[in-house]
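Colleague: Okay, here's the structure, questions in a sec.
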Amino acid sequence: MSEGLVTQVKPATVPGGLLTASRVFWIGLFAVTWVLSTWSFALYKALDARWIIRFPKAYELPLEGWISDAINWLVDDLSFGLFTFRDVTRFISALIEAPYDFVRDLLIDGLMLGQGQQAVEILAPLSWIAIIAIMVGLALYARDRTLALLVGGCFSYLAVFGQWESAMITLSSVLIAVPLGVAGGLALGIAAYRSHKFESMLRPVLDLMQTVPVFAYLVPILVLFGFGPVAALIATVIYAMPPMVRISTVALQTVPEEVIEAGHMVGCRPRQLMWKVLIPSAMPMLMVGVNQVIMLTLNMVIIASMIGAGGLGYDVLAALRRLDIGGGIEAGLAIVVMAIALDRLSQAFSVSQVRAHPDPKLLFYRRYPRFSTVAAIVVATTLAGMFVPAIQEYPEKFTITTGTFWNSAMEWINVNFFDAIEAVKTLLFNVLLLPVKRFFAGIPWAWGIVAVALAAGRVGGWRLGTMAGVMTAFIAASGLWREAMTTIYLCSVSVLIASLLGIPLGIWAGQSARANSVIGVLIDTLQTLPSFVYLIPVVMLFRVGDFSAIVAVVLYALAPAVRFAAHGIRSIDGELIEAGKVSGCTERQILWRIKLPLAAPSLLLGLNQTIMLAISMLVITALVGTRDLGQEVYIALTKANTGQGIVAGLAVAFIAIISDRVVTALARSSQEKLGLK
Amino acid sequence: MERPVILDCRGVWKLYGQNPREFLTRHNGAPSDQDLADNRIIGAVRDASVKIRKGEIFVIMGLSGSGKSTLVRCLSRLVEPTAGEIRFEGSDLLSMSDEELIHVRRKKMGMVFQHFALLPHLTVLQNAAFPLDVQGVDRRTREEKARQMIEIVGLTGREDYYPRQLSGGQQQRVGIARSLVADPDLWFLDEPFSALDPLIRREMQDEFLRLQSMLHKTIVFITHDFEEAIRLADRIAVMKDGRIEQTATPEELVLRPATPYVEEFTRHIPRAKVMKLRSVMSPGVPEASYAGELAGSLTVDAAIEQIDGAAHPFKVVDEEGTAIGTIDARAAIDVMIGRISA
Ligand SMILES: Nc1ncnc2c1ncn2[C@@H]1O[C@H](COP(=O)(O)OP(=O)(O)O)[C@@H](O)[C@H]1O
Ligand SMILES: [Mg+2]
């Protein structure tokens, strides 16, 4: 405590003036970079030294080739004696395929006996009414009628608007991937909780898994497991698991020491301690992890439609490729509806409730009326479905299609607002996009490495500086400098815009309860939507290109900026604000002199999250034709080129890791300055 | 007259920091304050020795951070001592295997925690039955036993509540029920009432004394509140900076503090609250008329109203009911107002 006080006072008492050492450093670094960026091309011409702007081809790391060769070797040649590596992947496939097929049969295809043409249906799939009834029942159990109404409404929407089949394919993937992700995440989380060594080994792996863009690991999975739902499921589980691992570890670690001691004192064995004390006590937080897994799974299942997951994601992708506006929006809305239903439902389960213990003397259906009703509906509809097709499957002639409506709406917007949209686009392009793009594109790679290392070193010490320098050098040496600079340009513009929009919104929400309730709903919804969905309206309105990408990224990455700003403002000690008022501050002075400086650490953490989301979304915007690292990964995916995909993916991950460490270090030092930590 | 020692703890050290064991041997098992500070080692418990006798209430008292919790955790081996010896019912606690330790904890020890440490997902009944559940006792038996305990702690009717639906005092009652359900001999309580409001605390202390008069457990009770200590204790160990300053009855502690620290602590304690009738009475029982009999183990404070209200002196009797002395209002009031002629 007293130590903290001393370090806190020191920087403040250094007489600063306008030119503190720190300012000189940052201004100098920027100035040099700007000068080199502006004249790098001229320099190259004058000195006839092409290496200045282009990393020499001869020295490029042949990493791509190595990785591709390694994967080919794995797939073609590796053998463990009795079985080959191929056999292992086939085995894993079979292990996942069996339950997946079963769930799919249950939800859409129907249970079949026999092969191909001779197959006979022995059990029809669950009727749409039964599935809606199950969902409503779950909602009633987890919370109340309002939630039941919402969930029932969402699933009815899927039936009425003709998205049922695709939605059920997506739901099957979710139903398989979520338990796998939760169980795997929990197991790893427990292992990390038990062993510090394992935790410190796991942490960098998780960091990498969370920062390597999703497309990048689609590539090796595609090569290893082939095109199809199994590959998609594996990619999904890998993608959705890391947060569960982290949350499980933290959840177990935050169980109060006394509760664990109480467990020891009643004589628990290690296993009893884990399953009877630790895990139940950590349950509310673990459920937050489950919710995360569900949302990430949904997000990824949709992206993974590119490698054969099918379902709603495939519909959107196909519509985007056909430029079928109506179809795209319809399927997109179905994703939104499903995401909201699953999110609210799983959140409701994470708030633990007090349940009355049913009187064991009552009859079963009296003790469990909801369960019994749902079971009755399922049985009745399955039987009735054999005779009445409308019960089995929602009748097609009652489906409503909104495709044409959306088509004409878009047309109307395009006809009436084309000029306005175009004008805004051009203006932003000239004022912001182009200068930033030129600045980053012009930076010579050699200086780029130095500048990143210097900046990171200044913020986080020489270790961080070295790490950042090495990572940047890797990017340059992979021959991806230009693409990386495009990524950084797109990312920084998006983050800038997202912060400019998000922070004021967050501050507003933090100060006014009314604004908060509106903004809160908006942000919740934005955060629930799978990243893919953002592409749809953007492409419809702005067509392909950097601008569309930026709009999509801003929308996707807005939420944390708002959230953290609101949180930062809200968590300021009320007495400080009262002290400000008593000293005669105006509202504006209170905001600028008290609230914002105190919320700075929170704002920085929000910035960090915004950057992370922006980078992950940027990769997906490769679909709308950016020319950055994401595009590189996407191309690798379409060509199933593992080496290219992984190298470009690592480059993205490194950018993310550097920025994460730097911003976190900034946040920490600002917290220390305020004596908050 | 001396009761058998149940828990015997000798020269126990608990150090936190780098290589504490090696550090301790390097300093011949007795590092000074300076040695600790130089090596950035925290001496949570230093050379503590206590003997806990069957059926007594042994209170460990000290300010926050003085090492009470660490000591009691060494005694239950929740924390592994750095050095020292602990014998429980004659066998070496520190060399017990995990299996033996589990057995001892299941059958012989119970513990109550400062912040209750109830399991949030279990009802009152299930929490109280938890130790038996862990032992694999069947549901009927364990719930029946738990119901009895719940009745004893006065929570009947709340069996199906969850901990978060209860007040602090009620939650601690559940904690007490849980710690007693397996019928332990040795009962640890780590500041059980410190998280409660003063009024509730007083009520819980009375409740605790009532329970003990029924159950006759051997008790190690931790508190930072000296008043609580003297109300409850048969003997008190005063701790400071990890060391035990003095172990004595409340009366001795007030009358004959061994160190300046203890004296400072006890200076403001009214003597009437610790002095027993036994030690202020006039010995011998001459023929006269008496107002009645009072137990020699009562404090002057507890008996003053009766003594002062009566026209005659009282006989003072020992545990067996034999009269051993007399006390009159004047002697009692002398103690009350501090006009003591020793
Ligand atoms: N796990 C630990 N690591 C380091 N220091 C500890 C640990 N547990 C306790 N201490 C230190 O030991 C001292 C005694 O703590 P404790 O026994 O909890 O005191 P009390 O219960 O009397 O308040 C304190 O200075 C505390 O900071
Ligand atoms: Mg303590």
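Even glycines carry a Cβ here, placed using N, Cα and C.
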Colleague: Which stretch does TrEMBL mark as transmembrane segment, out of A:293-313, A:419-439?
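Modeller: Residues A:293-313 are the ones TrEMBL records as transmembrane segment.
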Colleague: Residue list, the transmembrane segment (A:603-625) vs rest of chain: Cβ under 8 Å, 6 or more residues beyond ends.
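Modeller: Here the qualifying positions are 211, 213-216, 303, 320, 487, 490-491, 494-495, 498-499, 502-503, 506, 531-532, 534-535, 538-539, 544-545, 548-549, 552-553, 556-565, 568, 596, 631, 633-634, 652, 655-656, 659-660, 663-664, 666-667, 670.
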Colleague: Do the transmembrane segment (A:464-481) and the transmembrane segment (A:645-667) come together with 3 or more C-beta pairs under 8 Å, pairs six or more apart in sequence?
Modeller: yes
Colleague: Can you tell me which recorded stretch out of A:122-141, A:521-541, A:645-667 has the most Cβ pairs within less than 8 Å of the transmembrane segment (A:371-391)?
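Modeller: Out of the listed stretches, A:122-141 contacts the transmembrane segment (A:371-391) most.
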